[in-house]
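These come from TrEMBL:
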ACT_SITE  Glu359  active site, proton acceptor
BINDING   His358, His362, Glu381  Zn(2+) binding site
DOMAIN    61-250  domain 'Aminopeptidase N-like N-terminal'
DOMAIN    287-510  domain 'Peptidase M1 membrane alanine aminopeptidase'
DOMAIN    590-889  domain 'ERAP1-like C-terminal'
Amino acid sequence: MWWKVLFLLFGVAGIIADVSARIDEQMPPWMDSVDDDYYNSLSYLSYFSDGISYRLPNTTVPISYDIWISTDIHRGEFGFDGEVTVRFECIETTPELILQYRAMTIDTVALFDENNSLIEEDVSWYQNETVEFLIITPSQQLIQGQEYLVNVKYNGSIRDDGLGIYSASYITPEGERRWLASTQFQATDARRAFPCYDEPLYRTRFNISIRHHSNYTALSNMNAVEVVPEPESDYVLTKFAETLKIQSYLVAFTVSDFISTDNLTAVPPQRVFGKSASIRNGEGEMALETSIRQMKIMEEYFGIDYRFPKMDHFACPNFSFVGMENSGLVLYDELFLLWDPVSDRTSDRDNVITLIAHELIHQWFGNLVSPVFWNYLWINEGFAALYEFYIPHMMYPEARYMDFFIIKYMHVALKNDGNLNIRAMTHYVENPDQIEALADGVAYDKAGSVLHMMQNALGHETWRRGLQYFLNARQDNYTNSAFLYAGIQLAVSEDIKNNTPDVHAIMSTWELQAGVPIVTVSRSGDVLNLQQTRFFYSNQSRASLWQIPINYVVRSNPNFNETTPDLWFAGKELEIRNGTAPKPWMPNDWIVVNVQQSGYYRVNYDTELWSLLIEQLNSPEYHLIHLLNRGQLIDDSFNIARSGRITPDIPLDVMNYLERETDHIPWDSAQRALFLYNRWLLGTPVYDEFQDYVLKNVAAMYNKLGVNVIENEPRLDRYARQIAINLACLHGSAQCLDDTAEQLENFFNLQKTLHPDVVAQIYCNGIRRSGADVVEKMQNLLLKAKRQIERDRIIAGLGCIEDPDILYEHLLMAIQPGELSSAERSNVLTLPLDNGIASLRALMNFIRSNYGGINLVSADLVSTLCSNIAIRISTKEMYDTFVKLLSHLKINGAISASKETKLQPYAKGILNWQEKHMEHVVLFFEKKTNVREPFSN
């Protein structure tokens, strides 16, 4: 399953969703600076047991379910009636049957024997709402070895929060609102739809029947076998074939007026369902073609065929979890399944391709083989995270999807794993809220990165065969990590006869320990010294050791093609002598450890080795270092500097080579670093020099790519162009500002179409220094826009207004009557945060005068805005203004006294960083001559 975090991967929509949700209530006092994006990566939800057992007893097991649901969703009515009959076996004699349930009203409970003969018509029952148990207590004991049937009639609510059976709606082109019902049961919400054994250990068969209006169509995991009209009514009963054995969280059904595009001759037959206007417009065709191709690739790769008789893909409006891998009926947010080649971006196409791969991989990892409990969720999600890029890489090797995996998953995981409070991959909890919290970056980003490391360390073909052994051995069954490692070990032992890696021993160090190692490399003559320790951003230490696959490249033999390990590093320290080294080095050779960033660890170097790497990068032969390692050197040096292990001038020196770089991958790492340097240096005496530095480095990429999208250009150039435009314009390139302003002017005045891949960049940067007339046109465009993604792009663009007076007038949109949603109003206020000191001042002035109206938009929105402003204070003058604002807001009841007390020290975070580190930054700019390179037309 892909959760909302996926919006961080591609596009402005994700940035907006992330920015609007930034609530920095959790900022730890031990950090002396940093950014809210980092704070939001921290997991402060408790992962510790509350002392209550939420697990079902092992006294009974399910054999099958018969489920009947009745809905009037076509009328926009949000209740449902249900009936479930569970056939179960009694494993040991017990006085009670315990099922799991949540938020439903039980009407009657009846008990039958295995031949469906009534034992007791009105069985007593009671509820334990704390642990969500429905405890059924028949008048006689349930006998070991006997089968029974329990029938429960009940009713419940169709929810609006995307959990259980939930409702969604859309507006037709004719302006009519249409309602639909769908389901989302992972991890613990099947119990909202029917009483059940709602744990992943239990696999059984389901017979599902849905009563609904005849104008609507019901879908479920299996094909419909019968649609029975109800006498003298407009309702029908759709009956589905019995499922194969699946877990309760994979049960799914939908009731809607959607239509489909299909390929019924494919094996298995596949269909894509969506709104009729979207399907008739051809927006489901790419998804259909992609899924059919990917399914064939996966079946061949894993050596096991997909086992359900069909595969339906359902495009739901505003689906909270982006994608859900239900067997035979995969649900998606429509933005990630439907694609219009005329109006959608390259990133939208990538989202469709990677999300389908993610959900289809789950048909093997999660569905065919399922975790014994949710502490092994990382097995499901880690493989899905890895192969959502690996399968597209097999389809389109020239598109470099695996390069994207490194920057979009591994770099994010590495950043999060520097947090003191991060959890280990396998972590046991029982509370449903804590179970939901396990679907985090550790389960997705980190697990996928660790699996990627092992794939490279063991060899791709050995790895693939190991997975085949595992899947064949555990299909239609549960698993834990030991079963996975045993399958991989079989292949490893066949292929690696000397010094055979112990997969269980290696992987246990990554699975059971929190955090990530940093390997420090130093050289003294003929001895290379490696040291490992756990990486923290703060001044912390832990006695953790990992078994790390070490590979490296030296200047005199710059072969970056081999990613298997030269050696395994399991201790605290390791010496490599040049005479016996796997790859000898010359005295002045640079050394790059972690080839193509195939391993999941950070690398630091001593001063001499950093200098040699910087010298190589800042030479015409910078490309001798692999582009993935160029990105790694930027990402590692910057984050290691944040931890205090090296000074902040080193990453600036590393990035100084970017004036020659035009590839997206290193620039993706650089843009994140430069974004934070911009925040830390804003308003300081060296800020002009920093802007010159950025413009010097971005000029070549901007000149190469410009603002005009080129047909059939390399896919990653589309992403690189977005970075080039944003950096060049943000830092004051007159050429960039003129180019984007001209594009925006032509869009409004000459009705020239903006290419979807640069719409967000043109909206933002074209309006930076525009007058009130252009801003008014943008605001009118917002009010006319219907698609939410387009409205989000316009609001994001308006957040880039640089004139403080015009920006202040724009902010009034957030509190004045109008058609903006509360989320849109919050975004209007939040998005100017990173647009410079003038914008921050305008926002603080606006809050001071309008705090009452702001808190009417959303409770505590003033407090949220102040939290975000606090971590952007970069001058003493700004700090003094902010402290006065907090006092004013407290006196007038807009924030609490505790909030004021909490935010004042956080507002000194960047100032503290400057006090510690500015000397190095100043010296860096004093010794560099940053001449602004010319920007071409």
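Just so you know, glycine gets a Cβ as well, placed from its N, Cα and C.
All annotation found in TrEMBL is predicted automatically rather than curated by experts.
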Around the Cβ of Glu381 (Zn(2+) binding site), the count of other Cβ atoms that are within 10 Å: 29
Overall pLDDT of the domain 'Aminopeptidase N-like N-terminal' (61-250), taken as the mean: 97
Pairwise Cα distance for Glu381 (Zn(2+) binding site)/Glu359 (active site, proton acceptor) [Å, integer]: 10
Around the Cβ of Glu359 (active site, proton acceptor), the count of other Cβ atoms that are within 10 Å: 29
CB contacts for His362 (Zn(2+) binding site) [other CB atoms within 10 A, all chains]: 27
Number of Cβ atoms other than its own within 10 Å, given for His358 (Zn(2+) binding site): 27
